[in-house]
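Inspection log for the structure reproduced underneath, given as structure tokens.
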């Protein structure tokens, strides 16, 4: 007669326990994967993650995809803001051309060096300080990012208006193609004067379009409730600072 005790009565129970442990580990791994994916999505939406450079198409330098990343009702404003970024590039490049022409015609070399500085710092500075913040603000609706944009874009607007006038404060204003140096140079050298007048027209047009952009963004900022949100965030930050020092 076979021994009933030859078989292990706990074998089935051990197998069931191991299966439950494996299922628990699998569930834990799935949960971790979901959490990791959520973090990656959050980072991507916040604009913090690594973004593929795709513009300009022939030599990508920046990530730029308005149709896919900016809400439809804000795309027109973003496109016009992008136009002012490109417009500033045109203004500063033409400014260098005009000042170089004046230099060849006998003007001081200092104005040429200033024009080079405007070009080399103005274009990347504009992208970093006001265009990229606006792009992120439009994409994420970050209230404080809008506030930062208003400050930096106001500086941009001031520079464009200043450049279109170019008062004789630094080297008689000739490092910028404003209306005042253009009128001074025109009777003496018609070629240089005309080149400066074109530069004045470019800066004036840039100023007008930039004024429209900041007004349009401000209207959205107020009507969408972002202004109140920014106030709350500032108050919250102030309270945290006060508590931290308390």
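The backbone N, Cα and C atoms fix where each Cβ goes, and this holds for glycine too.
What you are looking at is a predicted structure, and each value in this text was computed from that prediction instead of being measured.
Feature annotation from TrEMBL assigns region 'Disordered' to 1-40. Under the heading compositional bias 'Basic and acidic residues', TrEMBL lists 15-40. Residues or ranges marked as transmembrane segment in TrEMBL: 79-99, 111-131, 143-165, 185-205.
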Is the transmembrane segment (111-131) in contact with the transmembrane segment (185-205), using three or more Cβ pairs under 8 angstroms as the rule and ignoring pairs under 6 apart in sequence? no
Are there residues at least 6 beyond the ends of the transmembrane segment (79-99) whose Cβ is under 8 Å from a Cβ of it, and what are they? 64, 66, 107, 111-112, 114-116, 118-119, 122-123, 126-127, 131, 134, 156, 160, 163, 174-177, 192, 195-196, 198-199, 202-203, 205-206, 209-210, 212-213, 216-217
Same-chain residues at least 6 beyond the ends of the transmembrane segment (143-165) whose Cβ lies under 8 Å from its Cβ atoms: 84, 88, 91, 95, 122, 126, 129-130, 133-134, 136-137, 176-180, 200, 203-204, 206-207, 210-211, 213-214, 217-218, 221, 226-227, 229-230, 233-234
